[in-house]
Every structure is written in C-alpha cells, then in structure tokens.
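To start, the structure itself, in structure tokens.
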Amino acid sequence: MLLLRRLNRVRIASPYSVRLLSVKPISNVDDAKFRSQEEEDQSSYDQKTVCEALTCYSNDWQKALEFFNWVERESGFRHTTETFNRVIDILGKYFEFEISWALINRMIGNTESVPNHVTFRIVFKRYVTAHLVQEAIDAYDKLDDFNLRDETSFYNLVDALCEHKHVVEAEELCFGKNVIGNGFSVSNTKIHNLILRGWSKLGWWGKCKEYWKKMDTEGVTKDLFSYSIYMDIMCKSGKPWKAVKLYKEMKSRRMKLDVVAYNTVIRAIGASQGVEFGIRVFREMRERGCEPNVATHNTIIKLLCEDGRMRDAYRMLDEMPKRGCQPDSITYMCLFSRLEKPSEILSLFGRMIRSGVRPKMDTYVMLMRKFERWGFLQPVLYVWKTMKESGDTPDSAAYNAVIDALIQKGMLDMAREYEEEMIERGLSPRRRPELVEKSLDETLVCRE
C-alpha cells in the first residue's frame, strides 16, 4: 500500500514516543519532485484507505499509533470517528487504555470525530476482554459526559460481558441487587437473548436449557433471535436434531426466518441429516425471498467438504460471485482444511490473493502449520513472505508456526532470529529446548 510505503520514510525516536521525523531529500530537484508527488498522493488519503492501513498494524499498537499520527501530521488528513475507533480498538487490544482515553478526549469538540456508540462498545469490549469488568462498568457511568448513557450503550455493555464469558456479572448487572439505575426497563426480550447467548459462550448447556425454560416461566416473549440462539446452542451441544425440531416449531408458528436463522438451520440439518438436506433448505430460503449471504455459502461449502465432495465445493465457490456474494477468508479456510496436496493448497491460496480476498492471520497460521506437519519448509516461508508483503503484522501464533518449521529442518540460527524479532516486538515466544541449548553452547564457546 502507498501509505505503508510512505510511512517507511519516518522513524520513532523511542519506544514510547510517537513523534514523527521526516527524511529530507538531498537535492532541490528531488525535493520538488517529492513535494509534487506528495501533493498528488494526498488525494488518496481517504477514510477507507487509512482504516485499511491501520488494520495492517492490528498486531503492533506502536506502529498503528505511529501511523495514525503520521498520516495526520504529514498529509493534513483529518481523522474521522471511524479512524479514531479503529486505532482505539488496536490500543485496547494491548491494554493501552490510558492512551485510548486520551484519544477519546481528543475526539470531543470535532464534528468529524465525535465519540459514538461504537467508540464505547469498543471500550467495553476491550476492558471485558482484559477481565476488567468494573472498569467497563465505570466507563458506562462516564457516558453522561458524552450524552451516550442510554439504552443502546447499556445493551453494548451487557453484550460485551456476555460475549467474553462474564455472563454472571451481566446477569447481576441486569437483575441482581446492584442494578444500575438507567431509567429504562431491562426485563425485555433483547436482554434475555444476550444473556442466553452468554451462557452459550461459556458452553454451559444445562444452564442454557434452564434459562430457556426460565424465559417461559417469567413470560418473556421469545422472538426470532431467541430461537436462532437456542438452535445454535443445540447444534454446538451435539444435538442438531433438536435444532431441526425448533425449526419446525418456528414454521408452525409462521415465524418469518431471516438469513441468520436459516444459516443455523442449514448447519443443523446438514449435520443431522446430511448435506443434501442442507442444500434443500438453501433452495427453500431463496424461494421464500431470503437471499443467502457469505455465511450461508460458507456453511454449504463446509458441509460439502466434510462429505468429501470437493468438486461441488469448488463449484459453489465459482458460483458465489455470480450471485453477488463475494467469498471471504472463511470460505477459503473451509476448503484449505480439507485439501491434502501442497500444490492444490498453494494454487487455491494464489487464487485467493489474486481475487482480492485478504487472508486473516488465522489463515496464514493454518497454512503454515499444515505445511509444517507435512515437513515442507519452502511453502511455509512463501506464506510468511506473502503475509509480510500484504502489510500484515504477524502475531505470536504466526511467529511460533514459522519458528517450529525452521527447527524441524534444523535451521536453528534462522529460528533464533525470528525468536529475537518476536521479543523485540514485545511478544513472548514459547520455551524451546533446541534454542535454549544452542544459546548455552554459544555462551560456553565464548567463555573458552
């Protein structure tokens, strides 16, 4: 990306500094050419481009913050609420909450970057992910200062707690002794749906069943989302036939299913009765005017792959763009998981890149691990190179995958280089006896 290449011209003075230093061209001619190019390039600094560039640094908060400040200072780009939200999300991922709040305070007073519900949904999510539940609740209490302490923000807080396995605290917050005074009712279907999904996230299937019955006892109206959540619970708890039974109950009640509900039904019927029955529901939803989305196609492709019908899975992949539904990284991962020949995987990986589908870090790691298990080093290094050239910052799992592949081939020096790079980035490598023993041997040689 142009922005990422331009950023390579600058340096950070220290690990804790975000001041950016420009490199001056030597000659006046080059200087004029550089300024002309810069003025021309600035037209491409739109919100979408900046957000995409920040995403590339999602595994390196210092570089993300450096880029965030650089694009504003060097090009005059005015950050929007979305670009602020993106960098705040990255900072929160690494527990840099003090800097996050400093940025939120910067957003105030600027009409282009006013904090919104998404801003604080991110804050709640990152606090709860770090198991800082009280801090998340305190953040909600501060929302009066932003005119955002409302029903939407409360739902976002409860959703964050339930999503990240703090459902006990969420239930206490809504129905316990220390209920927050909000001025609105929390005994509604939406709150109960969030908590039901929270128990599902914990995998407490007995509690899910108990809570499902409790909703009936307390007279809570079950809507489409309630049924979709409980069907998903039945699938995950190994009882897809019960999800199919719920589907039939929904049809008897003349409930109009949406794409999310249909996706769950297809998965349930496919698992309990076979992929052909899943395809029948796929056709049914289209006949009823509910257009399948990417997740629907991914579900069918996964079922086909699990059934060993790779040709049909590839045919579905080919048809997706014709139906106005572009494949995503999950689509390709469904196929990668079932392919057993390195040449087929590399061919599909090349197709993925050429089609403009950006692999997720999980995709890179999955492929490197697969090649490592088969004892192929070159494909591992090729995937690593592609990842770096795409501007994606490797995480711990990616580093560990390439290090393990190098150790497997006895390339300990190169493995140690990657391990040192990990440490420099603040990532913790796994303890590997091979590398520890080598370090001790080198120390003894130096002493002799």
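Every residue, even glycine, has its Cβ placed from backbone N, Cα and C.
The shown structure was predicted, so the numbers you read here are calculated from the model rather than taken from an experiment.
Per Swiss-Prot, the feature transit peptide maps to 1-21; the stated evidence is experimental evidence. Positions annotated as repeat 'PPR 1' by Swiss-Prot: 80-110. The repeat 'PPR 2' annotation in Swiss-Prot covers 116-146. The repeat 'PPR 3' annotation in Swiss-Prot covers 150-186. Feature annotation from Swiss-Prot assigns repeat 'PPR 4' to 188-222. According to Swiss-Prot, the repeat 'PPR 5' annotation covers 223-257. Marked as repeat 'PPR 6' by Swiss-Prot: 258-292. Taken from Swiss-Prot, the feature repeat 'PPR 7' covers 293-327. Feature annotation from Swiss-Prot assigns repeat 'PPR 8' to 331-359. Residues annotated as repeat 'PPR 9' in Swiss-Prot: 360-394. Look at Swiss-Prot and you will find 395-429 tagged as repeat 'PPR 10'.
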Residues of the parent chain within Cβ reach of the repeat 'PPR 5' (223-257), under 8 Å, 6 or more residues beyond its termini: 189-190, 192-193, 196-197, 200, 203, 205, 208, 212, 215, 264-265, 267-269, 271-273, 285, 288, 290
Distant-in-sequence neighbours of the repeat 'PPR 6' (258-292), which means Cβ under 8 A and at least six residues beyond its ends: 224-225, 227-228, 231-232, 234-235, 240-241, 243-244, 247, 250, 299-300, 303-304, 306-307, 309, 323, 325
Averaged pLDDT score, the repeat 'PPR 5' (223-257): 95
Counts by DSSP class (helix H/G/I, strand E/B, coil) across the repeat 'PPR 7' (293-327): 26 helix, 0 strand, 9 coil
Chain residues in Cβ proximity to the repeat 'PPR 10' (395-429) (below 8 Å; excluding those fewer than six residues from its ends, i.e. six or more beyond): 59-60, 361-362, 364-365, 368-369, 371-372, 375, 377, 380-381, 384, 387, 435, 438-439
